[in-house]
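Chemist: Just lifted these from Swiss-Prot, have a look:
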- HIS105: chlorophyll a 2 binding site (BINDING)
- ARG107, VAL156, LEU185: chlorophyll b 2 binding site (BINDING)
- SER160, GLU176: chlorophyll b 3 binding site (BINDING)
- ARG179: chlorophyll b 4 binding site (BINDING)
- LYS215, GLN233: chlorophyll a 5 binding site (BINDING)
- 1-40: transit peptide (TRANSIT)
Amino acid sequence: MYIPRLSVSICLHPLLIYKIAKPSKLNPISSTLIVTAGFTMLKHAAKSKVSSSTCDRRVKYLGPFSGEWPSYLTGEFPGDYGWDTAGLSAYPETFAKNRELEVIHSRCAMSAALGCIFPELLSVMGQGFGEAVWFKAGAQIFSEGGLDYLGNPSLVHAQSILAIWTTKVILMGAVEGYRIARGPLGEVTDPLYPGSFDSLGLAEDTEAFAELKVKELKNGRLAMFSMFGFFVQAIVSRKDRLENLADHLGWTVNNNALSNVTNFVPGN
């Protein structure tokens, strides 16, 4: 809603009513409504004695049991729910670094989670491209035949892990270098959101863009937990994600995280 935003604006700018009403010719009814609303908001702000940062309606991470907000968490950035028990965001430089790491890792985790699940779904539907299990597909680089991208030897036939790492460092280094350096001409204003990629026009509206930032971070945090779960499943069960899910749904008591971890023997 736009009402809270209007309240904050008038609280921060007491002369706003005068500046708006002075150039225009308002009828007595409109003038009375504007002045009355303005003084009502100013009176409420003076009575509550709160700053503009507390005029928002942020959701707390534990609801009414969350306690007080840390003074340095003002709600300026997406995904801020007032949770920082370790004080990791107390210093602005550390907070900026951790925030950048979280956003970048979130995007990588979302892409990785999709890359782990999608080939398995295609394989189940009979549209597989070679090895569908993500950790087995990557391990093919160490086999005698090497690794075929998309299961097609006529595309990219990789046989050297060093060549793959070198290619990734060059490609990702160029992209990250452009982002961190804010472009060759300084055209990038925010390294976390460099822009120039919005073919669907999703970020044209300011409020919609702010909401998408929150959704990106929420889904990114879930994706990071998902990838951690994928790593543990691969080490413990040596099965793909869909097979693990089918085993769990088929016999939940015998196939769950606790039973797999307790029966896990490293090296076997």
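Backbone N, Cα and C atoms are what each Cβ position is placed from, and that goes for glycine too.
Provide an account of the burial state, proximal residues and distances for the features listed.
Modeler: For HIS105 (chlorophyll a 2 binding site), the number of other Cβ atoms no farther than 10 Å from its own Cβ, over all displayed protein chains, is 16.
Under the DSSP three-state reduction, ARG107 (chlorophyll b 2 binding site) is assigned to helix.
Mapped onto three states, the DSSP output places SER160 (chlorophyll b 3 binding site) in coil.
Within the same chain, residues at least six positions away from ARG179 (chlorophyll b 4 binding site) with a Cβ under 8 Å of its Cβ are VAL188, PRO191, PRO194.
LYS215 (chlorophyll a 5 binding site) counts 11 other C-beta atoms within 10 Å of its own C-beta, drawing on all protein chains shown. Annotation note: LYS215 (chlorophyll a 5 binding site) sits in a helical segment as assigned by DSSP.
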Chemist: List, in sequence order, the same-chain residues at least six positions removed whose CB sits under 8 Å from that of SER160 (chlorophyll b 3 binding site)?
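Modeler: Correct list: ILE141.
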Chemist: Are there residues of the same chain, six or more positions away from GLN233 (chlorophyll a 5 binding site), whose CB falls under 8 angstroms from its CB, and which are they?
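Modeler: Listed in sequence order: LYS239, ARG241, ASN244.
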Chemist: Let me make sure I understand the structure: which of the binding-site residues listed (VAL156, LEU185) has the fewest other Cβ atoms within 10 A of its Cβ?
Modeler: LEU185
Chemist: Counting Cβ atoms within 10 Å of each candidate's own Cβ, which of the binding-site residues ARG107, GLU176 comes out highest?
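Modeler: Answer by Cβ density within 10 Å: ARG107.
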Chemist: Measure between the Cα atoms of every pair in ARG107, VAL156, LEU185, the residues the record assigns to chlorophyll b 2, and report the largest value in Å, rounded to a whole number.
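Modeler: Spelled out: the longest distance between any two Cα atoms in ARG107, VAL156, LEU185 is 35 Å.
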